[in-house]
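Trainee: My questions all concern the structure below.
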Amino acid sequence: MLIRTPAASSSREDEVTPESIYLSRRAFMAGVGAAAALSSLPGQAAEAAAYADVEPANAPAWFSGKLQDARWQAITAGNEAVTPFKDATHYNNFYEFGTNKGDPSRYADKLSVEPWQVKIDGEVGKPGAYSLEDLLKPHRLEERIYRLRCVEGWSMVIPWLGFPLADLLQLVEPNGNAKFVRFETRLAPDEMAGVRSGFSLIDWPYIEGLRLDEAMHPLTLLAVGMYGRVLPNQNGAPLRLVVPWKYGFKSIKSIVRISLVAEQPKTTWEAIAPNEYGFYSNVNPEVDHPRWSQAHERRLPSGLFSPNVIPTRMFNGYDEVATLYSGLDLRKYY
Ligand code: MTE
């Protein structure tokens, strides 16, 4: 089942569809004084912030504080059901912790995420090493319910909590030479079993990149939370990118460095198999992966008797990004 979704950036808080999410009075916003946080929200938003199977977390102070004035359901995915928390946190790709889908939830708690610093460098007026707290201070958190489509053919619907990457970039003042943004994941072999493994194809650290205009697009998010709580480690704590119209591997986790650069960066998957994983990697049902079709996706949870296969949509349904690529041959620049 696929239901028509309004253009994501045109969604408003008063257009929310309560059926699209798991509403439960039993559930609470993990990691915050739930009652306090919920009572500070208007009726429907308070309901919306509660997801049925969320596991509690010990949220750091910087997160709890931010939650108080978060904008709930700033963007929704229409009537599409939010993926259960259990699936979103136990079916992961985070190769630093292993290649099996269950490895990140099993091993990522080894990653120490506090304190956390992000280095911002390259073609910017205000380079520096910013603590996560300082980085977040100017920004109000928004809940954005986005589709996530993995290049492997599965998809989820995830309520992220974050702020637009554009807001951060504007503050650090990119100069005229900045044409691309390069992102780097923390590299900590002692804490990352997948990095220590001799079998990995990846030349660590994990690197991703966007064109500057893609990075500045209002849909591009830096997330620090999901399902009303702080990000679990396996989902990329404490800071990850979310680019909803691109295949999931562009959404790099546990970011420690953001560089504004003049040249298109060499990214991890493109370096491994350039004929399979392009720099752009926009979700495109008409351009197949060399080894499988991209016309359909398996929306999780899915099983043998209910595979839940749905058609894949151009730009993952985020049509408003099409103008970024006008004149670009998307078969060549896949
Ligand atoms: N970021 C890092 N550092 N390492 C990874 O292995 N995997 C990517 C992306 N970000 C990955 C990463 C892939 S392939 C996908 S599909 C998404 O993370 C999965 O995000 P999720 O586990 O939160 O669903």
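Cβ atoms are placed via backbone N, Cα and C, with glycine included.
Quick caveat, the model's predicted, so the values are computed rather than measured.
Features from TrEMBL:
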- ASN92, TYR95, GLU96, CYS150, THR185, ASN235, ARG240, SER251, ILE252, LYS253: Mo-molybdopterin binding site (BINDING)
- 112-269: domain 'Oxidoreductase molybdopterin-binding' (DOMAIN)
Trainee: Of ASN92, THR185, ARG240, the binding-site residues listed, which put a C-beta under 6 Å from ligand 1? Please answer none if none do.
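Mentor: Correct list: ASN92, THR185.
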Trainee: Restricting to the record's Mo-molybdopterin-binding residues (ASN92, TYR95, GLU96, CYS150, THR185, ASN235, ARG240, SER251, ILE252, LYS253), give me the longest CA-CA distance in Å as a whole number.
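Mentor: Roughly 19 Å, rounded to the nearest whole number.
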Trainee: Which number gives the other C-beta atoms within 10 angstroms of the C-beta of ASN92 (Mo-molybdopterin binding site), all protein chains shown included?
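Mentor: For ASN92 (Mo-molybdopterin binding site), the 10 Å Cβ neighbour count is 25.
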Trainee: Would you report the average pLDDT that the model assigns to the domain 'Oxidoreductase molybdopterin-binding' (112-269)?
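Mentor: That stretch averages a pLDDT of 98.
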Trainee: Test of understanding: give the count of other CB atoms lying within 10 angstroms of the CB of THR185 (Mo-molybdopterin binding site).
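Mentor: There are 23 of them.
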Trainee: Under DSSP, is ARG240 (Mo-molybdopterin binding site) part of a helix or a strand, or is it coil?
Mentor: strand
